[in-house]
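Novice: Before we start, here is the structure in question, set down as structure tokens.
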Amino acid sequence: MFKFALTLTLCLAGSLSLAQHNPHWWGNRNTIVHLFEWKWSDIAQECESFLGPRGFAGVQVSPVNENIISAGRPWWERYQPISYKLTTRSGNEEEFGDMVRRCNDVGVRIYVDVLLNHMSGDFDGVAVGTAGTEAEPRKKSFPGVPYTAQDFHPTCEITDWNDRFQVQQCELVGLKDLDQSSDWVRSKLIEFLDHLIELGVAGFRVDAAKHMASEDLEYIYSSLSNLNIDHGFPHNSRPFIFQEVIDHGHETVSRDEYKELGAVTEFRFSEEIGNAFRGNNALKWLQSWGTGWGFLPSGQALTFVDNHDNQRDAGAVLNYKSPKQYKMATAFHLAYPYGISRVMSSFAFDDHDTPPPQDAQERIISPEFDEDGACVNGWICEHRWRQIYAMVGFKNAVRDTEITGWWDNGDNQISFCRGNKGFLAINNNQYDLSQDLNTCLPTGTYCDVISGSLIDGSCTGKSVTVNENGYGYIHIGSDDFDGVLALHVDAKV
């Protein structure tokens, strides 16, 4: 009897972890966008007016729980919880629930960035949160939950990142470290996540997962409710989990400890794609991209060119400030069939702490758009760049096809097909790419969705005529505005 019960428990745990890798996308949609620091009302409108019509699959939203108020309102104050009340500068619980419903109604899922590792860092005296809740972080007193000192690990600093105890039980940059093995802490975290599930979210990005023991997270995840069928989720659907685990290789706490619980952020993807498109590694080597580079298996990897943290760091990672290379890297990211793709939507920043666009009263302001739909008032909105949203459409059009017809010039010019549905060419050399290449597409004329669109039967940008053998003449000049060209069957004239 014991053996049968143990086997049943292991089978259930395995099926739950497998289910937590499913992002619950509509139809052929398969790209998430991180609308970093957007207000809930603005996200709802964006789902209805842009993301849904353009085929985006989901939105990662900023933390929803009450946070500390820090001088100047830096973005990172959102990562210092005071309570689990759903009131932030992005809006209140009613506005959040309205956003989730409206986005689900147009096929755009919502994934919440959640903070299970810690509460706020030290604050002199009494801290007041965005919902008006008082706390004394220095005393580990958070009555809005409530948490007291006994709910936290003993105070210590991470000085050795190769020491598992320090990484998982000491304070990450001074943030008060919760004890996830505590029944009370577990119950409050599960209650918080279940409330979000009740409101209709599809899953969670788990911040600082590396700093929590995988067995504690497994208990929390397995205790969560199924997704809310009133929001279009099938019966018995499990929340999609993707976990922030920074692992550059040879880490004491490894990404592999978390990959069976849900997807894991593949930070090496971000670093290596930046290296390649900055010219530090020839694009020809990208033919074996993915597991061939030592990355996680595709279904366990959350992939991105940059995220809200590493876009602010020096190094290989690309961001919006290098637009030509960034758009090429993003095009490759969305064209190559590896990983669960997320694109970034940023606001402009001059330093690490720059707050989101705000008014004189420190209220987040709504994005404004020019006649082309681009953001103009401090929001970057990379997801509204034609070269990026067009590749979201490309990714949808070629879903479930494989790489064929790889070509390269032995250096930084590459092309490949996605079955007989799509074709991508990139020129990252300082000389032109001008060549007849195999597009693998049926005979006809196709619009390049990078330089323009198919409108009323005509291309507003470049076009390529494909002959009966699948070949077309491809030209990407070294000084062209964009170093990439993309064709797919849904952009055939």
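Keep in mind that glycine also has a Cβ here, set from the backbone N, Cα and C atoms.
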Novice: From the disulfide entries in Swiss-Prot, identify which of CYS375, CYS417 pairs with CYS381.
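Specialist: According to Swiss-Prot, the disulfide partner of CYS381 among CYS375, CYS417 is CYS375.
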Novice: Check for me: which candidate out of CYS156, CYS170, CYS417 does Swiss-Prot give as the disulfide partner of CYS440?
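Specialist: Candidates were CYS156, CYS170, CYS417; Swiss-Prot matches CYS440 with CYS417.
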Novice: Considering the Ca(2+) binding residues ASN117, GLN168, HIS211 given in Swiss-Prot, which of ASP124, ASP160, ASP177 is annotated for that site as well?
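Specialist: Ca(2+) site check in Swiss-Prot: besides ASN117, GLN168, HIS211, the record includes ASP177 out of ASP124, ASP160, ASP177.
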Novice: To which of ASN162, ASN307, ASN310, ASN377 does Swiss-Prot also attribute binding of chloride at the site defined by ARG205, ARG342?
Specialist: ASN307
Novice: Could you identify, going by Swiss-Prot, the member of CYS47, CYS170 that forms a disulphide bond with CYS103?
Specialist: CYS47
Novice: CYS103 (disulfide bond) to ARG342 (chloride binding site): how many Å between their Cα atoms?
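Specialist: ARG342 (chloride binding site) has its Cα 17 Å from the Cα of CYS103 (disulfide bond).
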Novice: Under 8 Å Cβ to Cβ from ASP207 (active site, nucleophile), same chain, six or more residues apart: give me those in sequence order, or none if nothing qualifies.
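Specialist: The list for ASP207 (active site, nucleophile) reads PRO63, TYR79, ASP113, VAL114, LEU115, LEU116, ASN117, GLU244, given in order along the sequence.
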Novice: Using C-alpha atoms only, work out the spacing between CYS459 (disulfide bond) and CYS440 (disulfide bond) and round it to an integer in Å.
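Specialist: Spelling it out, the Cα of CYS459 (disulfide bond) and the Cα of CYS440 (disulfide bond) are 20 Å apart.
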Novice: State the three-class DSSP label for CYS459 (disulfide bond), counting H, G and I as helix, E and B as strand, and everything else as coil.
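Specialist: Note: CYS459 (disulfide bond) is in a strand by DSSP.
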Novice: Same chain, not part of ASN117, GLN168, ASP177, HIS211: whose C-beta falls within 8 angstroms of the C-beta centre of the Ca(2+) site? Give them in sequence order.
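Specialist: In sequence order, the nearby non-listed residues are HIS118, HIS153, VAL167, GLN169, CYS170, GLU171, LEU172, LEU178, GLN180, ALA208, LYS210, MET212.
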Novice: Could you measure between ASN307 (chloride binding site) and CYS417 (disulfide bond) for me? Cα positions, answer in whole angstrom.
Specialist: 28
Novice: Does anything in the same chain, at least 6 positions from ARG205 (chloride binding site), have a Cβ under 8 Å from its Cβ, and if so what?
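Specialist: Expected: GLN60, TYR111, VAL112, ASP113, VAL114, PHE242, GLN243, GLU244, LEU302.
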